[in-house]
């Protein structure tokens, strides 16, 4: 069983630094969660890409986050998927630090608002790994 576990773990791609930060922001607002597993294949917008009508409130959080990243890309040289930023988590409260440049501050705020949104949205396991072609038009 240990070998299977180790082999399974070796096939998981590591998160880029910034997405690791987003992952940790979600853990701050939802203690005990496993964001990469819980949200990476949820609804029409949580995970890579996105299209159609969000299936619920949580999926709308992801759509808003996607749109925020699109806005971040309008800053010269700003790549939200790779941008490192400074933030603080204190007792479930997220704060983007003032030493971030314009791009980092924007991306940090995208992630902060999404993490807060996730924490306030119900999680419906029926919306995990859905048929994107049928439900996301």
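Numbers run from 1 along the shown chain.
Just so it is clear, glycine is given a Cβ too, placed from its N, Cα and C backbone atoms.
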Remark   = For the Ca(2+) site that Swiss-Prot gives as 45, 47, 49, the extra residue out of 38, 56, 66 is 66
Message = Just to verify a number: CA distance, residue 44 (disulfide bond) to residue 111 (active site), in angstrom, no decimals.
response = 18
Task = By CA-CA distance, flag whichever of 61, 78, 96, 136 among the disulfide-bonded residues is nearest to residue 49 (Ca(2+) binding site).
result = 136
Ask   = DSSP on residue 136 (disulfide bond), three-state: which is it?
value = coil
